[in-house]
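Record features, source TrEMBL:
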DOMAIN    4-295  domain 'YjeF C-terminal'
BINDING   Gly104, Asn157, His158, Val159, Glu160, Phe161, Ile162, Arg163, Asp226  (6S)-NADPHX binding site
BINDING   197-201, 216-225  ATP binding site
Amino acid sequence: MENTFQLVKNIIPPLTTKKHKGQDGRIGIVGGCQEYTGAPYFAAISALKVGADLSHVFCTREAAPVIKSYSPELIVHPVLDSPNAVHEVEKWLPRLHALVVGPGLGREDALLENVKGILEASKARAIPVVIDADGLWLIAQQPTLIQGYQKAVLTPNHVEFIRLSEAVLRDPVDSSDRRGAVLRLSQALGNVTVVQKGEQDVISDGEQVLECNLQGSNRRCGGQGDLLSGFLGVLVQWALHAGPEKTNGFSPLLVAAFGACSLTRQCNHQAFQKHGRSTTTSDMIAEIRPAFNRLFET
Ligand SMILES: NC(=O)C1=CN([C@@H]2O[C@H](COP(=O)(O)OP(=O)(O)OC[C@H]3O[C@@H](n4cnc5c(N)ncnc54)[C@H](O)[C@@H]3O)[C@@H](O)[C@H]2O)[C@@H](O)CC1
Ligand SMILES: Nc1ncnc2c1ncn2[C@@H]1O[C@H](COP(=O)(O)OP(=O)(O)OP(=O)(O)O)[C@@H](O)[C@H]1O
Ligand SMILES: [Mg+2]
């Protein structure tokens, strides 16, 4: 794992006096509906706290004032349930480096139809996409949406991985061979990068398999995966910008995924040391800076 940490360090952009706002990351989160406002907030704030300059949330009209009220730092667009949602998001795409699709999206057909259009518009512009949570529900219904798109990273949890694998491979998952199962899913999707979260995080681009088993904790409060997806949106852009010479032949997306998993687990570890069983995702957000320093800036 040590060598992989060095590769993550290699992709982190230096803070210099020569940059203008936006150069270290402009990230969009697609999600947030009546039921779920926490998930897109967690993803968007973690993108900012890891080092992105601007974080946008594209959510439903009802969810927007709630998400805005959590933080003045987020730019919130109440467009996802509007009749011209795809156009409303598409006009922002030229200004975004990466999209995170799915945290708190919900599973309403009309919203999923809009997200389908947003994914197609993102692919047409070669914008990297991280797909999580209900975004993975959509992919399980229509895997062709992402098939062969090599700038996509999927971040399924235990339940989402089984659903996705069974939909794509039409076979029960062999849970005794997690590495093989992740490799096979990635290959079947045309080398889309897959991050299976769990006791160890298993990451594959269909060629190589990486494992992240950095110590976290046994506390499994909701929202930890949302932090991971927000981190990943930023790291994907940093890794692609740094280029393959900085990642020593590894796929940039694999290195980005390893970095995001490590940081999530380290935040969880540090928060648990302080808060034990009471640890919540907000406690993990407070640990982003010290965890990042500890892993990547020593
Ligand atoms: N504060 C928030 O707003 C949060 C919202 N979240 C959002 O909630 C939405 C749903 O995601 P979830 O990961 O909660 O998915 P689900 O609502 O499908 O599952 C929630 C949990 O219920 C259990 N479960 C699921 N299916 C089950 C079954 N058939 N039998 C028994 N138990 C079952 C599992 O423990 C699973 O982790 C997503 O949009 C997600 O982003 C989560 O990210 C957590 C935090
Ligand atoms: N058993 C475990 N031991 C250690 N870490 C774990 C374990 N399960 C999950 N994690 C870590 O927790 C983080 C989130 O994974 P999890 O499976 O909880 O995502 P999720 O269900 O999508 O979360 P969310 O509630 O945000 O939707 C990942 O970094 C993962 O490595
Ligand atoms: Mg999740």
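Don't overthink the numbers, they just go from 1 along the chain as shown.
Glycine is no exception: its Cβ is also placed from the backbone N, Cα and C atoms.
All TrEMBL annotations are machine predictions without curation.
A quick note: this is a predicted structure, and the numbers were derived from the prediction, not measured.
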Among His158, Lys197, Arg219 [binding-site residues], residue with fewest other Cβ within 10 Å: His158
Nearest of the binding-site residues (Gly104, Glu160, Ile162, Asp226) to Ser217 (ATP binding site), judged by Cα-Cα distance: Asp226
Those binding-site residues in Gly104, Glu160, Ile162, Cys221 whose CB falls under 6 A of ligand 2, listed in sequence order: none
Pairwise Cα distance for Gly104 ((6S)-NADPHX binding site)/Asp201 (ATP binding site) [Å, integer]: 22
Asp201 (ATP binding site), number of other Cβ atoms within 10 Å: 25
Integer Å distance between the CA atoms belonging to Cys221 (ATP binding site) and Glu160 ((6S)-NADPHX binding site): 17
PLDDT averaged over every residue in the domain 'YjeF C-terminal' (4-295): 97
